[in-house]
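Asks: Have a look at the structure that comes next, please.
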Amino acid sequence: MVLARISLITSCLTLVIILIALPVQANTKSPWYTVGPDQQVTLHVDLFMSSTCPHCHKADEYFKEVAPNYPWLKFERHIIDKDKAALKLFYERLQSQDVNNFAVPAFFFCDSRWVGFADAERSGKPLLNAMTYCRDEIKKYGTLPQATISVLRAKGSASQYEIDSWIARNPQLFIPLSGLMDAVTPCSLFIYLVLFAFVSLYPGFKNQQAMIGIIFITTLWILTYFKLAFTNLYYEWFNALRWIANAFGLIFLLYLVFYGFRSQLKINKPMPRIWPFIILTTVFVFSYQQFCLMNVGLIFEQWLIGQSLTSLQRVTYLFMYSLFYIIPFILFFLIYFFSTYLKRMQSYHKQLYISAWVFLLGVAIILLLKPIWLSKLIYSYVVLLIALLVGWILPYWRSRHEEK
């Protein structure tokens, strides 16, 4: 009887061990890498090319040249205009990434897709840097983490944009242009509108408006520098941001509703204790804006990888980029701040106040429901349109109601 119980317990423990081991075994079987008996990781890279593509031949020659220095890279070359099986595999790889861009050369590794090849500095070094990062993460965790895939996919989306060789060789021109361009892309619209909304919540309170501008722009500057200096870490942390963003969205929504209705949306009753909400809203809106297409910051980061820089030069370049990035926001704030002294502008304080409250309410709802919408330009326009309509209609309705 005792032996039977021991046998039963042993069988159960064996089954549990097998069930626990199964996911581990499943994770080690990956089309993207293999682990040898000596725990050496070999990355599998699919390189899709066309026989008539000069950039493809350039990429092929480069990786053949560096192959002796990277024995852990295993390339599979596919000529899509000569081999139907290669074209079919290319299509399957594209479908797995949810894209339909058949541009070549295309590199698929670590469940990410990179496109294009200019030269060793602009494309070769960033690709090798990404492959090395992926290999190191697999060695560190024993598998390919989802956070690593997210980092590589974000960087891969920037690889399709080629920097002009003349501009790339002139840091004094390239850095200011990149920083300014990053700040004026349509993807940055949400950030400008959030700054505009917070300042508009305090009409007539100049000290508070100035403090909002300082806090907002300082937070933006720190975020920009951190994102560029620690790109991999930044995008790894982003995976854990979703639930935090949802929780903050709920708290911010309750805050706006509570103080909005308590003050009856009257401009002479500013909202208290708003400083933490300014900082956190800036953090979340900026972070999700980085997933908008044509991420100039990532294009700059890949250019930076291709440069041979000292630590001091790297820090200087990052500082310059982040400085030029915030210049348009500083100008935007100063123009709006001083325009509020105009009598014409003061006549719209009530409408702007309500519009600002509604817009921030929309941002809070997006953070609560689906924060990634902050990277979609269409939602910027929708929330802005609703905010303006409510901001102009509600005061009119109130005045008509009070007359009756």
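Even glycines carry a Cβ here, placed using N, Cα and C.
OK, TrEMBL features for this one:
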SIGNAL    1-26  signal peptide
TRANSMEM  173-198  transmembrane segment
TRANSMEM  210-228  transmembrane segment
TRANSMEM  240-262  transmembrane segment
TRANSMEM  274-298  transmembrane segment
TRANSMEM  318-339  transmembrane segment
TRANSMEM  351-372  transmembrane segment
TRANSMEM  378-397  transmembrane segment
Asks: Grab the same-chain neighbours of the transmembrane segment (240-262) for me: Cβ-Cβ under 8 Å, and only residues 6 or more beyond its ends, written as numbers and ranges.
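Replies: Cβ under 8 Å, 6 or more out: 271-272, 277, 280-281, 284, 287-288, 357, 360-361, 363-369, 371.
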Asks: Cβ pairs under 8 Å only, please: of the recorded stretches 274-298, 318-339, 378-397, which one is richest in them relative to the transmembrane segment (210-228)?
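Replies: Going through each listed stretch, the top one turns out to be 318-339.
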Asks: Could you tell me what the rest of the chain brings near the transmembrane segment (318-339), counting residues at least six beyond its ends with Cβ under 8 Å?
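Replies: Residues packing against the transmembrane segment (318-339) from afar: 175-176, 178-180, 182-184, 191-192, 195-196, 199, 206, 209-210, 213, 216-217, 220-221, 224-225, 228-229, 300, 304, 345.
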